[in-house]
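Peer 1: Right, I'll just put the structure down here and ask away after.
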Amino acid sequence: MQLYKDQTLRVHNSLTGKKEIFQPINEGHIGMYVCGPTVYSNVHLGNCRTFMSFDMIFRYFKHLGFKVRYVRNITDAGHLENDADDGEDKIAKKAKLEQIEPMEVVQRYTVDFHNTLQQFNLLPPSIEPTATGHIIEQIEIIKEILEKGYAYEANGSVYFDVIKFNKDHEYGKLSGRKLEDMIANTRDLTAQDEKRNPQDFALWKKAEPQHIMRWPSPWGDGFPGWHLECTAMSTKYLGETFDIHGGGMDLKFPHHECEIAQAEASTGHSPVKYWLHANMLTLNGKKMSKSTGNNIYPYEIISGDNNILSKAYSPAVVRFFMMQAHYTSILDLSDDALQASEKGYNRLMEAMGSLDALKTGSTSEFDVAVWKQKCYDAMNDDFNTPILIAHLFDAVKHINLIKEGKESITETDKTELENTIKAFVYDVLGIENQSLVKDDSNALNGVMELLIQLRNEARANKDFATSDKIRDELTALGIQLKDGKDGTTFSLN
Ligand SMILES: [Zn+2]
């Protein structure tokens, strides 16, 4: 089924600042690249939102029948602490701090990243390449840029010559910056600087003797610059020009600007047709920051183990909450907002759960065909999930009215409604029905509380045969009781 033939999709292209009709380079096929995480710490909730936004976009393209190649990289080398090409490599720094191999840091946080995204029901990308797996490709691109005259070598490092590039191309077009302004607003270079201009950026950095992550190159031992890996990996798997490049808004400058410059300098043409940027997540109205404590990790929301929220929220509720905002808007996370989302989520799941048993009649008072196209129109308008969700709740209203016998629906319309709502909720928004899982754990907690209470009563009555029986039978079922000074707790094996 190729639904895309009947739908006109518009996307907000950051490069032009306009909403444009989306037309892939090769009909029916989409190449999409999204900048992945630097795996040196647990994945941030803000990053989760970005990846969730692009997961929704990936899902919608697939739903429309496109063949999508979705590439999302893992940055496992080359990302320095600050944008001015100095500071330590983030992964090497963490490795030193914990006295482990850099690749142990990479492994640990890649696993965390995958686990977290899986909990939020993100689909894996088609290809997930790593920077360290593409050193040869990066060196090749540096050679090309040097050959074209847009880079220079200095003391074993190679820098991109932004001023030279800007003479023939336009540096700053994605972020709307002018090179002259950037030059006017930066300090002059010091005598020790290897760069010809402060705006130049590293393609290859010479590794100092203490730097552990290093590779041989024509310019000596070193490591690639962070921006270069995305150019190398996107070009390798999607070609010199591909459909969509996505990432967080914060990556627009300098990261994505540098990607454009590298690609144009090496191939001579623009690498990306549509640039899409996802906006950030704030917490209680303020920017999230580890240093101020205004921060929460995904696992803390799911476990409820935090000082910010009143209770735990299921990953499906968190995902539903994220989908209630447009991906280009700033979204504020708070306890009130999550509680409201949980209520909405439960209402939606309940209505969907009652669809099967819904009685049908000879007429429909709910125009399912019109409603269905409205859902598509919302998604076709730059993936407007909040509007889509508003339409989904319109359907919920009608489902409830039909349930109460106040409206009627035909069998055909009911089937159409059921298929459409399931497709949008489960396949496109990626929202799972987790109520069964939640109910199970609630029921288990209730039963365990009761058994612990019965055992305590038996012990108080010196009926040790009964109290031991409860404990031993539970042990046989794989449930361990632990008596502590604050009472008895249980754990599952
Ligand atoms: Zn990138």
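Just so you know, glycine gets a Cβ as well, placed from its N, Cα and C.
TrEMBL: automatically predicted annotations, no manual curation.
Pulled the feature table from TrEMBL, pasting it below:
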{"type": "BINDING", "residues": "Cys35, Cys230, His255, Glu259", "note": "Zn(2+) binding site"}
{"type": "BINDING", "residues": "Lys290", "note": "ATP binding site"}
{"type": "DOMAIN", "residues": "374-437", "note": "domain 'Cysteinyl-tRNA synthetase class Ia DALR'"}
{"type": "MOTIF", "residues": "37-47", "note": "motif ''HIGH' region'"}
{"type": "MOTIF", "residues": "287-291", "note": "motif ''KMSKS' region'"}
Peer 1: Any idea what the model's mean pLDDT is for the domain 'Cysteinyl-tRNA synthetase class Ia DALR' (374-437)?
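Peer 2: Taking every residue of the domain 'Cysteinyl-tRNA synthetase class Ia DALR' (374-437) together, the mean pLDDT is 95.
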Peer 1: Can you tell which of the binding-site residues (His255, Lys290) has the fewest other C-beta atoms within 10 angstroms of its C-beta?
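Peer 2: Comparing Cβ neighbours within 10 Å for the binding-site residues His255, Lys290, Lys290 has the fewest.
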Peer 1: Looking only at C-alpha atoms, tell me how far Glu259 (Zn(2+) binding site) is from the residue listed as 'ATP binding site', rounded to the nearest Å.
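Peer 2: Roughly 28 Å, rounded to the nearest whole number.
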Peer 1: Using a 10 Å cut-off, grab the number of neighbouring Cβ atoms around the Cβ of Cys35 (Zn(2+) binding site), all chains included.
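Peer 2: Excluding its own Cβ, the number within 10 Å is 25.
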Peer 1: Residues sitting near the motif ''HIGH' region' (37-47): Cβ under 8 Å, six or more positions beyond its termini, same chain?
Peer 2: 74-76, 79, 90-91, 93-94, 105-106, 108-110, 112-113, 116-117, 248, 280-281, 283, 288, 295-299, 301, 333
Peer 1: Beyond Cys35, Cys230, His255, Glu259, what residues of that chain have CB atoms within 8 A of the centre of the Zn(2+) site's CB atoms?
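Peer 2: Neighbours found: Trp226, His227, Glu229, Thr231, His245, Gly247, Leu251, His256, Cys258.
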Peer 1: Calculate the distance in Å between the alpha carbons (Cα) of the residue listed as 'ATP binding site' and Cys35 (Zn(2+) binding site), and round it to a whole number.
Peer 2: 22
Peer 1: At a 10 Å cut-off from the C-beta of Cys230 (Zn(2+) binding site), count the other C-beta atoms across all protein chains.
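Peer 2: 28, counting other Cβ atoms within 10 Å of Cys230 (Zn(2+) binding site).
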Peer 1: Please spell out the DSSP helix, strand and coil residue counts for the motif ''HIGH' region' (37-47).
Peer 2: 3 helix, 1 strand, 7 coil
Peer 1: Can you count helix, strand and coil residues in the domain 'Cysteinyl-tRNA synthetase class Ia DALR' (374-437) using DSSP?
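Peer 2: DSSP classes over the domain 'Cysteinyl-tRNA synthetase class Ia DALR' (374-437) add up to 47 helix, 1 strand, 16 coil.
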Peer 1: Near Glu259 (Zn(2+) binding site), how many other Cβ atoms are within 10 Å of its Cβ?
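Peer 2: Other Cβ atoms within 10 Å of Glu259 (Zn(2+) binding site): 26.
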Peer 1: Summarise the motif ''KMSKS' region' (287-291) as counts of helix, strand and coil residues per DSSP.
Peer 2: 0 helix, 2 strand, 3 coil
